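Colleague: Before we start, here is the structure in question, set down as structure tokens.
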């Protein structure tokens, strides 16, 4: 080697490739990982939706905490007051307590699960909890709607008296409620057994029946038996009810004041329930007819979260539109005996 001459090192082409590979391969892997994450569909059992900001889930969790707390406390108070005071154990109140029990259970199971999953931002509890929530919310929701149908029939029976002086007794109310629970169970158990399914909703934190159009027969049967039929019973009963009132020139005015109060109360409870659940029913129909329609997950979640507020309305209406129940409930709440 000559002094002052630069040293030239010969590098084989294969070594050059290995050197470039060592530098760029980690960057290439990272880029491919980012691309894979960007185009990979979200799995609501593994993590939150990327399109929804974390604070949105916290808002839903806070909303469900409020609704669930109110529903549990109000419905428990109604059931406890009915248990405590013998005067409230009447056929009509059997149906009201059944409605309160359904609302209490839907909040206890569905509401509690919804709080924790929305707080985490995804359905981290797994498939079994998803099936449990979907079944519980659907089952108890149908029990509540059919309970309102039985209430409408009770009003028709009392005011119109289709069978003369035959009175509605406790055994009749009990048979009606047994039908409600059995029928609701038959309607909602098939997805658990594999005929259709309960699946995660678009927001990824709640579960509901699978509304995909591949199972049209299940969806049509479900809507007819669990929404159209009880709603039809309610409408028919109140058509006959108002026809009877019209034909007797305002018989409702001549009816005893407690009966008038109860009739108005039942009407308000039915209207409140329909206001709460109709948006979700319409949303489900739209998704079934147009499965490819794009809806923002947050917007798609609103009808379901709004429907759960029905469990809060009924006990409030029941207490404040029935003087006897109001008196007994306040007596229970403040532990102060009063004469009602």
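Cβ atoms here come from the backbone N, Cα and C positions, even for glycine.
From TrEMBL, here are the annotated features:
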{"type": "TRANSMEM", "residues": "60-83", "note": "transmembrane segment"}
{"type": "DOMAIN", "residues": "74-318", "note": "domain 'G-protein coupled receptors family 1 profile'"}
{"type": "TRANSMEM", "residues": "95-116", "note": "transmembrane segment"}
{"type": "TRANSMEM", "residues": "122-153", "note": "transmembrane segment"}
{"type": "TRANSMEM", "residues": "174-195", "note": "transmembrane segment"}
{"type": "TRANSMEM", "residues": "215-241", "note": "transmembrane segment"}
{"type": "TRANSMEM", "residues": "262-287", "note": "transmembrane segment"}
{"type": "TRANSMEM", "residues": "299-321", "note": "transmembrane segment"}
Colleague: Take a look at 95-116, 122-153, 262-287, 299-321 and tell me which one has the most Cβ pairs under 8 Å to the transmembrane segment (174-195).
Modeller: 122-153
Colleague: Is the transmembrane segment (60-83) in contact with the transmembrane segment (262-287), using three or more Cβ pairs under 8 angstroms as the rule and ignoring pairs under 6 apart in sequence?
Modeller: no
Colleague: Take every residue in the domain 'G-protein coupled receptors family 1 profile' (74-318), average their pLDDT values, and give the whole-number result.
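Modeller: A mean pLDDT of 85 is what the predicted model shows over the domain 'G-protein coupled receptors family 1 profile' (74-318).
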